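One structure below.
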Amino acid sequence: MSDTRRTVEGVCLGLLAAVAWGLYNVGAELGQAQGFHPADLTMLRYGGAAALMLPVLIAARHRMPPLSRVAILALLIGPGFALLFNAGFQRAPLSHAVVLGPGTSMLVANLIGVVRDRAPLTRNRSLGMAVLILGLVTIAADQPTAKHWGGSVAVGDLCFLGSGTLWGIHVYLMGRWQMPPVRTTAGVATLSSLVFLPIYFSVFDVTPMPWSAWARQFVYQGAIGGCLAFLVFAAAVLRLGAGRAALFSALVPVVAVLLGIPLAAQVPSVLQWWGVGLATLGLTISLDIRRRRAMASGAGEAGACQ
């Protein structure tokens with residue numbers, strides 16, 4: 001597969017992952033507004049994904065990735081990650097979550113590669129990440145000011161920083177270990193559910209909600225958030241590498257703004273449109289597709305001359 005084709009496929013998969021995460025976040029917001037607790041949504045995310053991926057787990061049981069690596073990934077982005085992120089939402093305003101979580105995950109995944117593997121951080125990548133973060137800050141600036149957070153906002157910010165760091169480490173390891181997307185998704189979902197389901201049913205009370213509401217959240221949390229988003233993002237990491245794939249994690253707030261148009265009839269403000277534009281520009285600069293295409297073309301011409 002040519003480098004250009006891998007990049008195009010990776011970008012498409014990364015965008016699909018961002019859309020899936022956006023839908024997942026919209027579903028989580030709707031669920032909490034209906035009365036679901038964070039523990040309910042966490043149970044559906046991992047338990048639902050495990051149920052959907054069970055046939056894959058059975059079929060590929062002799063070809064699964066090393067259990068130690070699956071366990072590390074489950075520790076990083078399993079129930080603890082979801083509960084930490086939800087705890088941040090309970091203590092700090094949405095405007096903080098928009099910037100701190102995605103921005104931290106993008107920076108951590110890239111910086112680990114630079115420090116650990118001496119991976120080059122190009123000028124375009126650095127400039128693009130700065131523009132992308134500026135776009136996130138612009139979107140966050142349009143969020144309504146919270147009135148009741150008090151001193152707990154610092155704790156909420158730490159939760160967002162912590163969850164962003166965990167996700168960034170996970171992205172780096174996925175790229176370094178070259179984990180197979182489908183089998184890794186099945187393994188992480190199953191291991192996470194085996195850990196969390198007993199805790200959920202023994203510690204938390206199941207929220208009394210209509211079956212239709214549970215079914216909708218099963219789709220949002222288990223099918224979209226637990227399966228689709230994780231699977232296509234893992235495939236994007238294989239094609240783009242951890243550093244470039246991590247950029248798409250920071251696109252989730254942008255996608256959420258755009259999804260609000262058809263799903264909630266919420267037209268973005270002028271400031272939000274500026275944020276969307278800046279974030280898109282930052283992603284384009286960071287991916288540096290034109291330069292990579294020129295390099296690939298030059299290499300092909302040199303090979304032909306030989």
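Positions of Cβ are set from backbone N, Cα and C atoms, glycine also.
Secondary structure of the domain 'EamA' (10-139) per DSSP (helix as H, G, I; strand as E, B; remaining residues coil): 112 helix, 0 strand, 18 coil. The domain 'EamA' annotation in TrEMBL covers 10-139 (among others).
Among the features that TrEMBL reports, domain 'EamA' is placed at 156-285 (among others).
The transmembrane segment annotation in TrEMBL covers 43-60 (among others).
Taken from TrEMBL, the feature transmembrane segment applies to 67-88 (among others).
If you look up TrEMBL, you'll see 94-115 (among others) marked as transmembrane segment.
Distant neighbours of the transmembrane segment (127-146): 92-96, 98-99, 102-103, 106-107, 110, 153, 247, 250, 253-254, 257, 269, 271-272, 274-288; these residues of the same chain sit at least 6 beyond its ends, with a Cβ under 8 Å from one of its Cβ atoms. The feature transmembrane segment is assigned by TrEMBL to 127-146 (among others).
Feature annotation from TrEMBL assigns transmembrane segment to 152-173 (among others). For the transmembrane segment (152-173), the residues of the chain that approach it from at least six positions outside its boundaries are 69, 72-73, 76-77, 80-81, 84-85, 87-93, 96-97, 100-109, 112-113, 116, 146, 179, 237, 242, 245-246, 249, judged by C-beta separation under 8 angstroms.
Per TrEMBL, the feature transmembrane segment maps to 185-203 (among others).
Taken from TrEMBL, the feature transmembrane segment covers 218-238 (among others).
Long-range contacts of the transmembrane segment (245-265) within the same chain, counting only residues at least 6 positions beyond its ends with a Cβ under 8 Å from a Cβ of the stretch, are 10, 14-15, 17-19, 21-23, 25-26, 98, 102-103, 105-106, 108-110, 128-129, 132-133, 135-136, 139-140, 167-168, 171-172, 175, 233, 236-237, 239, 272, 275-276, 279-280, 283, 286-287. Annotation source TrEMBL lists transmembrane segment at 245-265 (among others).
Here the transmembrane segment (271-289) has Cβ contacts under 8 Å with residues 7, 11, 122, 124-125, 127-142, 244, 247-248, 250-251, 253-254, 257-258 of the same chain, all six or more residues outside its ends. Taken from TrEMBL, the feature transmembrane segment applies to 271-289 (among others).
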Original post:
Can you name the far-off residues of the same chain, 6+ from the ends of the transmembrane segment (185-203), with a Cβ under 8 Å from a Cβ of it?
Top reply: 39, 42-43, 46-47, 49-50, 52-54, 56-57, 60, 64-65, 67, 70-71, 73-74, 77-79, 226-227, 230-231, 234
Subject >> Structural state census, the domain 'EamA' (156-285) (DSSP three-state) >> reply: 114 helix, 0 strand, 16 coil
Original post:
What mean pLDDT does the predicted model reach across the domain 'EamA' (156-285)?
Top reply: 91
